[in-house]
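TrEMBL lists 54-194, 233-335, 347-457 with the feature domain 'Alpha-D-phosphohexomutase alpha/beta/alpha'. Feature annotation from TrEMBL assigns region 'Disordered' to 27-63.
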């Protein structure tokens, strides 16, 4: 296999996905092992379409019970994804498959394998035991030039039978699907009447290496390759960072003690293999590193609320650096000693201002910066200081992908704890951790000192984010409608707000519109209000401070 190896040792902490009985996998009593004498039959099954399978920016996310209880709900969506790929491109192609380890992942992987084989895919590359972080999937897609990847994750949403499940399709550049692709998937799902499947095909997710299968009416065997979940991604990181410098920081005379919380998601094997085994951090630096189907009953959301145990452990001052990851490993929260909180808007700005500490950026240069609309303008100040282009995009990582593919952007971030660069086409939690450790090693400063030094040079942006969870869609619609009406009223821009000794006035309000500089596509209806500081999710305020008389 091009660019991939199959080490014999199993991944530390990768025990997950205990086999479960499933109506999907038990419909046929027989099963076929690789390369049996008789070819495996391809079956066409009748089905009825669903009208609620429109994928969002993070793919299709529903309650797990929807996938389990609705007839052919999983098969319908997988067929819609596969059918959205042109038949000529699909035949004999390679697709990467991975999951964050949540409940129902093993069942879904079995179905994906059976349907990919029946629909002409030539090869599937799957993480060991079904585990692959979202950044690792993006990395492997690009490394082996796959046609795309299917990621089973609902990000920070809870797992387990009563939790959520998601299916995300990433395209050939390694990034999320464009609106055009997601719309095509949705349109196929609305009229679907049948799907193709090889119900007798079985694979062993625990066995590293190749498994070949002969199929009826197929000239070439269908191949499944189970790969080390960490190795390819680790090799990529070795080419980006100075591992010796980071190892010196974590093991040297003035050893930095770190605390990393994988939150029982996908990142456990990566944290142990890379930060502990490779970079020398003590094993007890990493906690909650066994991927669990229900994430230990917790929300795998790296923020001050749901990563409260990490915050508490950092408050004592024993650790100089802390991080928590979400379920699929593309986002992380950064903390300094005494639980000093680094806001994501500040984090991406600090990274951009210190790219000279990173070998990858010293070699490749910095071509431009980008942030999502709800993210503060801290990054804008860095772009201005470095004389770089700054792009403000709607929420959704796919918008950054276009900028990166065209060579316009090297580093980007969003206020929801996601940061990344053009090394892949996804946000990358562990990359963010290594960015911070590299900056600390180079500058020989603490997290708090680095951030406060940044504020002293470029100013500080104050940001507030309010999350409204579990709201009925109708209520959310009316909330946003009224909010937009309020900020687009002409009298709103003349209002003044007194805070302490300052008076803040609104400079401009609008409904944010983004025209992609690469392909000209337009994204509308992301309400925004321009001022100097402070932002809400969906409504941004940048206030003009004036001294109170």
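Each residue, glycine too, has its Cβ placed from N, Cα and C.
Keep in mind it's a predicted model, so treat the numbers as computed, not measured.
According to DSSP, the domain 'Alpha-D-phosphohexomutase alpha/beta/alpha' (347-457) comprises 59 helix, 18 strand, 34 coil.
The helix, strand and coil residue counts that DSSP assigns across the domain 'Alpha-D-phosphohexomutase alpha/beta/alpha' (54-194) are 59 helix, 35 strand, 47 coil. Mean model confidence for the domain 'Alpha-D-phosphohexomutase alpha/beta/alpha' (54-194) is a pLDDT of 97.
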